[in-house]
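Feature annotations, reproduced from TrEMBL:
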- 83: active site, proton donor (ACT_SITE)
- 230: active site (ACT_SITE)
- 324: active site, proton donor (ACT_SITE)
- 342: active site (ACT_SITE)
- 428: Ca(2+) binding site (BINDING)
- 757-766: compositional bias 'Basic and acidic residues' (COMPBIAS)
- 794-812: compositional bias 'Low complexity' (COMPBIAS)
- 822-834: compositional bias 'Low complexity' (COMPBIAS)
- 835-849: compositional bias 'Polar residues' (COMPBIAS)
- 757-858: region 'Disordered' (REGION)
């Protein structure tokens, strides 16, 4: 928090690698991610009640004064209604809640007169124009100054919103109404929730991911408990807890019954189609579903909560962090990790429910991994790729608002708290709202008599929250007995996701044709395709395209078989492409003052040393070659010998550059993109291809860095001259890099002593993750050969669009970035072995960050190092003693 205030205030967020604030409009756009930024000091507001939880009351008082004095909510800027509600409105209300609590205690905040609440009300009115729709569902975005329909608003043309975006308003809006006595906010939020409930799919009682805000039609008809829907379910149950309205509990229980019937496939939670809930919609899970075990604890359904949480923990132990998405056989699907707090949240609630010290060990692992892999000089950096350990110049406000809060509460004793946390409910952003609001300013009728509810088992309708003291009265080993079968679910087993259709068929008739068995030349197979409504088209380039029209199928059952066949073919086609790709690599700066903390994502080469087979990597000081393009004999070989050569992309083949620097005595090479401003944040990685000739003569490792990442090394050279790097398949543990020497280490600031933490924690060291054991899996990387006039283009395959039952198409053979013949349509199902490092897809959504130059906009390096000079001195003293 102090680092954020020192380097970033009054900006919305801290950029922890370049030690500056992220101001919208001054940095390259990251698309929808930037909709959370409104030039209203987002991180400061989002962190207010965290300061009180951490017993930082003086800092809280100063922070509130800053918010009152400096924050302007009348900016001409378009923001996300959802993000602004949960982070800013929720932050103001949470700050107000704890402010009046402290004032009541009589020591702090005696001057406070509801200023944060006044700001919350102002913001509430600025969000109301978004609800100007016939359905009552809000537009996804609103202009803080001009609303939605105003000519200068630059928004209001959207037609769709996500279910969570429209259904995660009731806690903040109802709290605002209860605090102020102004009922309009709660009325609007209730109307949106009512509309979603009425539009649920009646036969399955599930909701889709995306809905049309004008017609109420479902745009995306897949359903799960992760991204796009997650907090809708959370707010139904918590609205019942906070507001005491039975209808919210009835709705939640109806949905929960459907979730456990269709989506829950223990320990997995897999998306399904709302109209065909027995049919899985995807074979991977996103990290946002990690909140669900915590919600199940609040519901009182502990067994599945323990199962799913344990599965997620095993994934974390394999990759150090929870990837943004991972497959049903626990391989990386999207490799980013923006320091999300949902798993820590569920860990906290499971510990509260069970008292099992195992969950303290889990929390300890989370803290150790954050300090080991995410801590950088100016804060904590998001992981660009959990497989390589590379960083992203990003620290979202929710990291301080949620992650710090839940981890502190996990280890805090009652005497460590200055107030009773049980008197509050957590919003989805972990903001605190007092439970006494349920009896304050009740202007809304509690019971919605027009709604219909499905008859469910009575056990679903517990009208009170479970008493955590009696959950396991006679069997303290109950939780362990549930976890035990899942201990090796990631590393030593290969679970195959069984579709609900297959499960329902049991030993009955099998699918008429599996994608892995299909041959385009087999007349019998073509006849089966025709029956399933699938037609085959031969393309000019030799590939075969399949298109399904469900209406052309012989029957509805055949159409369903065809849809499943198409989904299998997409997975198989995608897998065939991935098998030809290499994983990303890492460039780790290990010299003073970085000591391995800065890790850059690098593209691999199809020639030279295979870093995945040389686990130690190649370590050496870097040197810039002459000529810089490396396309002719190196003229400064004395500077390059036994060094890692830096060169610029362009004007000749990559392999030619490699041969020239190898001849000059270099031990490795880094090619830096000549496209100004390019970055791995905004472009898919690609692998450097050979020159079409035999490249066995190239024996040194070669890696590719985009312009932004390359400039970080070049700037470090200008600042320090001698810069040492490690080229490897993934980032190495700093203790490994320095061969067991003591190096500067940073721990999360907390008032708790480590001894206290260790007393609570189990001494089971076997639960600690081993970063060396995590397999290095690949992300999408298109191969590129350097062209004489500046090089080729990179290529990456995106995720396939969801198939609808009406029409679907897929190419059997994906285009290969290099010239090749038609791909075979059939492929054996890949074998699964422990530690399998099959390449996986990488999310290619644009998340641009600024160039990494440490120029006049960035604080000087001396200032950056101020926070950790003492540790550096200790490290240098250790080296002197050792010598």
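Keep in mind that glycine also has a Cβ here, set from the backbone N, Cα and C atoms.
For residue 83 (active site, proton donor), the nearest neighbour among the recorded positions 230, 324, 342, 428, judged by Cα separation, is 428. Rounded to the nearest whole angstrom, the C-alpha distance between residue 342 (active site) and residue 230 (active site) is 11. Take the CB of the residue listed as 'Ca(2+) binding site' and look out to 10 A: across all protein chains shown you find 25 other CB atoms. Around the Cβ of residue 230 (active site), the number of neighbouring Cβ atoms within 10 Å comes to 25.
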